[in-house]
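Q: Quick one: the structure is below, and I'll ask about it shortly.
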Amino acid sequence: MSDAKTYPPSDDMIANAHVNADAYEKMYQASLDDPDGFWAEQGKRVDWIKPFTQVKDVDFTLGNVKINWYADGQLNVSANCTDRHLETRGDQTAIIWEPDNPDDDTKHITYTQLHAETCKMANVLRSLGVGKGDRVVIYLPMIPEAAYAMLACARIGAIHSIVFAGFSPDALGARVNGCNAKVVITSDGAPRGGRVTNLKDNVNQALLNDFDEVKCLVVKHTDQQVAWRGDLDFWLHEELDKVSDDCPPETMDAEDPLFILYTSGSTGQPKGVVHTTGGYLVYAAMTHEITFDYHDGDIYWCTADVGWVTGHSYIVYGPLANGATTLMFEGVPTYPDASRFWQVCEKHKVTQFYTAPTAIRALMGQGKDFVTKCDLSSIKVLGTVGEPINPEAWNWYNEVVGGGTCPIVDTWWQTETGGHLMTPLPGAHAMKPGSAMKPFFGIQPVILEPTTAEVITENPAEGVLCIADSWPGQMRTVWGDHERFEKTYFADYPGYYFTGDGAKRDADADYWITGRVDDVINVSGHRMGTAEVESALVAHPKVAESAVVGYPHEIKGQGIYSYVTLMGGEEPSEELRKELEAWVRAEIGPIAKPDLIQWAPGLPKTRSGKIMRRILRKIAENDYGALGDTSTLADPSVVDDLIKNRMNR
Ligand code: WT7
């Protein structure tokens, strides 16, 4: 890998970038030598109501894990994303909104307008009884109101929990319940790729039985008919008419929670990742500026949805804290056709474009004419996120989209990390296709031998990836369950934050992420716990047992392969297969729909009854040679049957 072809930045990029190779080395060293000094300096990126005097206060010891940054400082995130820009850039566009349908009107929202809309929405939330520390669930399409809602919560000190609009009513209900939300903000409908989902219906279903305290604030967006829950529901536009646009920001402690975001793990139900105010904002702002080499006047576009952490940090908080122009796209890459991304880039003269490998692979399959007919000369930096990018997709992105002249930042990070932990920087590193390259400032990656937990110091190295010390954007706890937080991230490799990923470090000390080492799969850049899909399947009355694993999928990266054992007396059929697919869609959402369902009369288990997933993974991957030792199985013949009836793809 160390002799892979490298792609150095152009002289122009080196000369103009915020950080060149020399600066990277110096700053990185400084961030390790004196974390307090380094982060105190970076803390000045944001405006503090009361300046901090403490910087880092961290303990990774199991049973005593605490993570505090800038703890005695006070600030308000929405003031940092709006008020502080009014004087210098009030008339500058903060958000460009591009609708699902290209024939509908684009919106340009200035910082002055963003400020006013945020204040009004904040006053509406207050009028509904929301105060500091209360939780608000946001279940919206990609419309400007989603950003207003986030900033409005931050303004009054409410904690938002965004639920991706593609999630089902059940998943929504679980998240409303999980954080005891007072209000759900939604819209009548959500258009995507020309099809409209009735979001308000989903909310009604989610809240039907147990939630007669939860109010719902509804954005009128698609104008379709919606069913009303009596006096618990409110139209946003009617409420906005009743409030003023003056709303002084609440003074928040740096360690007050800013948001909760549910994400999947290897066991149990999704957990509520908690991010706090000061450190998160500093880290989101800094990484946004440096990773994408953002400069004043640039038009920055991240294609993610605000339902994922990428949307939080790199559509809303990072860019807006920096006074950037950030593009928000409601649609999908292939509607009306596979040229849409590139048309939007041309139309708005996008300078930084940030998307997921799965989108690149899907578009690559459509041929390059969709790209080359558009003028992409405005693009300076390309980025990817969510999963490892295969060299073929990297090369296509580089040549066809970037014209061979744009650095590609392959950003490795997680919901838990708040911002990028490893990435090449546009003006500092010679990129290698598929490598996340180097740690960001303050990040100390370590590769451990998985079974002995010994740190491997030489290069090359391969093992599990941990981080040796904290950074300001790190998650602080699992909502309502600090013990689960400690167990998940600090128990397996004591003294380290365990990422759940495997990694290699090559002879040049560049990092390559090899994928999850736990029972988490990555489907189109979306994280999915196999346990979640399994529990959805076994909740079906005809299913006795199920085991779910990932398998390589050309477009999605990984697909969902499920083995299903039916209840006695039930017969497998095509109809039942369809029924189970629809069932999982309804239980979790379309992204969790199994790609393949194999009827399994039995599952390979140890004598103590533990399902041997290692074997199931190998069968799904079509890799029988590597089945390993099956002698500990209670009934080894099960494996032969599974191999014989393996699903062809
Ligand atoms: C997992 C985190 C971070 C926002 C999107 C996903 C995988 C993420 C990369 C990358 C290889 C990557 C990891 C990680 N991942 N980015 N550039 N190269 N793998 O956030 O849902 O929290 O998932 O996504 O496996 O642990 P997430």
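Keep in mind that glycine also has a Cβ here, set from the backbone N, Cα and C atoms.
In case it's useful when we look at the structure, here is the feature table from TrEMBL:
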{"type": "BINDING", "residues": "ARG192, GLY193, GLY194, ARG195, THR310, SER524, ARG585", "note": "CoA binding site"}
{"type": "BINDING", "residues": "GLY386, GLU387, PRO388, ASP410, THR411, TRP412, TRP413, GLN414, THR415, ASP501, ARG516, ARG527", "note": "ATP binding site"}
{"type": "BINDING", "residues": "VAL538, HIS540, VAL543", "note": "Mg(2+) binding site"}
{"type": "DOMAIN", "residues": "24-81", "note": "domain 'Acetyl-coenzyme A synthetase N-terminal'"}
{"type": "DOMAIN", "residues": "84-470", "note": "domain 'AMP-dependent synthetase/ligase'"}
{"type": "DOMAIN", "residues": "532-610", "note": "domain 'AMP-binding enzyme C-terminal'"}
{"type": "MOD_RES", "residues": "LYS610", "note": "N6-acetyllysine"}
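Could you place these features in context, so I can see how deep they sit and what lies close by?
A: Under a cutoff of 8 A between CB atoms, and with a sequence separation of 6+ in the same chain, the neighbours of GLY194 (CoA binding site) are ASP100, ASN101, TYR335, PRO336.
The Cβ of GLY386 (ATP binding site) lies under 8 Å from the Cβ of THR310, ALA356, PRO357, THR358, ASN522, SER524, GLY525, HIS526, each on the same chain and at least six residues away in sequence.
Of all Cβ atoms in the protein chains displayed, 20 besides its own lie within 10 Å of the Cβ of VAL543 (Mg(2+) binding site).
Confidence for the domain 'Acetyl-coenzyme A synthetase N-terminal' (24-81), expressed as mean pLDDT, is 98.
Long-range neighbours of LYS610 (N6-acetyllysine) (same chain, six or more residues apart, CB within less than 8 Å of its CB): none.
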Q: Any idea what the Cα distance is from THR411 (ATP binding site) over to ARG585 (CoA binding site), rounded to a whole Å?
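A: ARG585 (CoA binding site) has its Cα 30 Å from the Cα of THR411 (ATP binding site).
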Q: Rounded to a whole angstrom, what is the C-alpha distance between VAL538 (Mg(2+) binding site) and THR415 (ATP binding site)?
A: 28
Q: Could you state the whole-number distance in Å separating the C-alpha atoms of GLY193 (CoA binding site) and PRO388 (ATP binding site)?
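A: Checking the Cα atoms of GLY193 (CoA binding site) and PRO388 (ATP binding site) gives a distance of 26 Å.
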Q: Which binding-site residues, if any, among GLY194, THR310, TRP413, THR415, SER524 have a Cβ under 6 Å from ligand 1, given in order along the chain?
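A: Near the molecule: THR310, TRP413, THR415.
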Q: Report the same-chain neighbours of ARG192 (CoA binding site): residues 6+ apart in sequence with Cβ closer than 8 Å to its Cβ, ordered by sequence.
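A: For ARG192 (CoA binding site), the qualifying residues are ASP100, PRO141, GLU330, GLY331, VAL332, TYR335.
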Q: Taking DSSP states H, G and I as helix and E and B as strand, how many residues of the domain 'AMP-binding enzyme C-terminal' (532-610) are helix, strand and coil?
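A: Going by DSSP assignments, the domain 'AMP-binding enzyme C-terminal' (532-610) contains 24 helix, 27 strand, 28 coil.
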